Amino acid sequence: MKFEDLFLEIGGFGRFQILVLFILCLPRINLPMHFLLHNFLAATPPHHCAIPPQEAFENLTTEEVLLISIPRDPDGTFRSCEMFSQPQFQLLLNSSLQPENSSTTQHCQHGWVYDHSQFTSTIATQWDLVCEQRGLNQATATFFFIGVTIGAVIFGYLSDRFGRKAMLQLSLVCSVVFGMLSAASVSYSMLAITRTLTGVALSGVSLIVLPLGMEWVDIQHRTFSGILTSIFWSIGNMLLAMVAYLVREWHWLLVAVTGPCLLSIVCLWWVPESARWLIANGQVKQAHRNLLRCARMNGRKDFTVSPEALRKMATDKKPGGSYSYISLFRTPVLRKISLCSGAVWFGVAFSYYGMSMNLTGFGLNMYLSQFVFGVIEIPAKIIMYVLVNRVGRRQSQAWSLILTGLCIGANIIIPKPFTSLRSVVAIMGKGFSESAFTTVFLYTSELYPTVLRQNGMGYTSFVARLGGALAPLVFLLDEVWRSLPEVTYCGVAVCCGSVAFLLPETLNVCLPEGIEDVE
């Protein structure tokens, strides 16, 4: 008897599975609230150099003090990172006569003054992570994604070794602990360390929720289950916009997005351990109790499979050969698949987080941008699940990523005053980006043979998180050329999307079981 045959006895998608999936979707909501939190946690409000009081300023207004103390750009705005070395009183007579000699300006000497109309405080205003320290501000997101990358390796091993449920509970508890410690940070170093550890912990949630849900669902409903859990990511996107709008102080914002993990911890006690994992690891009695519980809740009172039959299922599983990540590159076809799929995953994650962390660059209010970007993901996911079964995986993957890059490139050309057009193009780009992310999960799982599928997903997930870690740092390239970040995101998306054409089509093709099937 195969495990799939048990679903005929216990019900493959009944009340039990619906409740399990709903509970597992609760921590799924939390993921984007942390993964995209950098948009609000590290937001940099308008600022200028602090001007120390002087006797000569006593009869001047605040505007006049700024006029003679801070140089202006050609568009008339005050510079954020420079001040005059000496007050330029002649500007009171003619403000258009800006000094051309660079020796009259210097970097801020007395700190900065921030506009608090939008944010009460952020980590940028807390520790002056602006101007020369701007790189540290962007690096906060990179530290988080480095943690996510490390956590993928750790929890991938631990969940196979000690069980899905136990490791999911551990990752949620650690997420609460490190999330609260982040909120209580008293220095940038403490925040960087605790955010990295939060990334490690949340990686366990990201890695375990989907497999645990899938292992309780029959084959016919796995696609639906994948859509459902994916949609809850988009709901988390929208909730982040609302929470950030209501909570403008970064300490309490961290508390607000971490707190819901407590609800997930409580609800998770009801979810049973995966029966597949229990049987595979010889814990037959517990597996039988969990299956009996599932059958009763689904109204299948005639469940008759005995623990001995389950024990026979475990012993019938013959151990295969030993495979590792190196096996992905040993044979020619598999090597090509691994290199190309790695490039596609990098491009998907790099462009997705590049767009998601540039909320102010498309002409919309940043809270509205976050909310709309979350909304557009839902129809994008649903449409893509239809398209991949009509036009195929390869075409869907390639064109969704290429069109993401073209939308980013279009906004480089469209003038800033055309805010409505820029917003529409950005929203379309975000939809294509989410479509590419949705497709790549399905496509990759079908490219690799069963004996290497988990290794393949682990490798591509690692490359994707590398792309996510690099995406925030690319914004620093605007010091070289203002449009260079967008050009980089556009170029990477188009190139990586084109690489997808080199992958084999998997629509209506039997899943490969061994390496010889791929070769």
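We number each residue from 1, going along the chain as drawn.
Placement of Cβ uses the backbone N, Cα and C atoms for every residue, glycine included.
Pulled from TrEMBL:
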| type | residues | note |
| --- | --- | --- |
| DOMAIN | 87-507 | domain 'Major facilitator superfamily (MFS) profile' |
| TRANSMEM | 139-158 | transmembrane segment |
| TRANSMEM | 170-191 | transmembrane segment |
| TRANSMEM | 197-217 | transmembrane segment |
| TRANSMEM | 224-246 | transmembrane segment |
| TRANSMEM | 252-271 | transmembrane segment |
| TRANSMEM | 337-355 | transmembrane segment |
| TRANSMEM | 367-387 | transmembrane segment |
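The stretch with the most CB contacts under 8 Å to the transmembrane segment (224-246), chosen from 139-158, 170-191, 197-217, 252-271, is 197-217. Tertiary proximity for the transmembrane segment (337-355) is limited to same-chain residues at least six positions away from its ends with a CB under 8 Å from its CB atoms, namely 328-329, 373, 397, 401, 404-405, 408, 426, 429-430, 433-434, 436-437, 440, 443-444, 447-448, 456, 459-461, 463-468, 470-472, 474, 485, 489, 492-493, 495-497, 499-500, 502-504, 518. A contact links the transmembrane segment (139-158) to the transmembrane segment (197-217), because at least 3 Cβ pairs that are 6 or more residues apart lie under 8 A. Over the domain 'Major facilitator superfamily (MFS) profile' (87-507), the average per-residue pLDDT in this prediction is 88.
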